[in-house]
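Structure, as structure tokens:
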């Protein structure tokens, strides 16, 4: 609509709201900001991420440097904010680098989950029929096998290791993404614009890539964000049992396991990794839940 | 209904078969065999003889068939870590602590969670609603071993009220039961709250109010019944969460139950025990899956009368 200078006032009134029109993302952002728990969770996660990125600048020593052997097992002090561990390593350093391990594993596992989940979910939702049946049966198997148990078994068989944990977490993380994408694509594939594209001769791959995936951005973001805390929990649990990330790589799960042996006398070795893990997983979950509520259009009605 | 149950039963059996094959293949994918001998080398001829004696020279599908045939007769072999008994005997012994602690945890956690969720839904945005949300979020996001650690730190290390580990006197049970109860409590608090809120907003509740029923009658006779379907569906994830959590609870509190044997079987590569535990857990989960499906169908007339399930 071209706005000419001498049109009737009614047209001018009509043109005005067009200026103020907001996209769905703007509304999602507003809904997110209204959720106090999610904002706090997001901020805490942001701070932890910054600490993890700038770890070398805020810690007195390297994560594996046994720089304070004479002070081994020292309690928290001004010099060592969280004390020193049994092997003479500054514990604050270990905790901060632990955030690095936990977050890296969380984010990469979520990324791989999305990479696996999108094509499978798209195929299941779009083609339906036999493709859908096969993919859903695979998912059914995954829903019967408890992820943590199978992950323990896989961790024990493969000996663990950083990327192995990421692979295991992704192996169990894609299911959620796949289901979310499948539902969204099933809902969209009957829409007129998709029909129109098909009538113009668009191939399934083109329709999925250009029309359906962009319309599934919300569930993909939701799946991605919800996969992060699950992967972090998985890593911590496996490392706690000794089949996850091997020492000396700092991992909170490992530190909790070690802290158990000292907890009656040197409480700091148990308290700090426990609190760090609890706070990080909680913050990430609250942030993810908030994003989901903000992005999910069905929540709009409430 | 019968046809539906049979269909589900068949699907569960297929799932069990696939899972058992995958577990078996995973166990056998590790390089090396029991008689390769690092500490005690065995002559090649003897090794072959031993392998033949235990059927290890057979192709994998024959070994799988033999193993499953044994399993069908409750023969799981002998655990490496205590060769004096069979796997079955060991499992029979290890069941008790897990069942007592886990069972009590569920029995305490589920009603508490339901009550908390109901109170939260009926008194929305009150302090009890915030309490329920906090409990639900904490219980569902924080790993069980972290919860257990916090319980030990507060009640054993800091306050010194309760012992932190062991199995025997009932006072040693309190902390593990509390740790177990967090999962069912959190799960049920969250789902009961949202199910009740959903139902309370339905038009039929408004009609009941307009007809002059008391709030008590509405809640207990109509809303409760209509909010119970999600409680049945959520039973399965809750059960899986509790069973998986038992591994960590038992490791933290040093309880000699199934979970701690699972951990030790993984650490010591005790394959017969590990395989038996995995199979048993799979059967348990398949059964829980089946039961929750059937209960769901029974509660939901649209499925009960042969409608299409989506």
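The backbone N, Cα and C atoms fix where each Cβ goes, glycine too.
Within the listed segments A:82-101, A:162-181, TrEMBL records transmembrane segment for the stretch A:162-181. Checking the ranges A:15-36, A:37-58 against TrEMBL, the transmembrane segment annotation falls on A:37-58. Below 8 angstroms of C-beta separation, residues 37-38, 40-42, 44-45, 48, 73, 75-76, 82-83, 85-86, 91, 95, 98-99, 102-103, 106, 225, 228-229, 232-233, 236, 252-253, 255-256, 258 of the same chain, each at least six residues beyond the ends of the transmembrane segment (A:264-287), sit close to that stretch.
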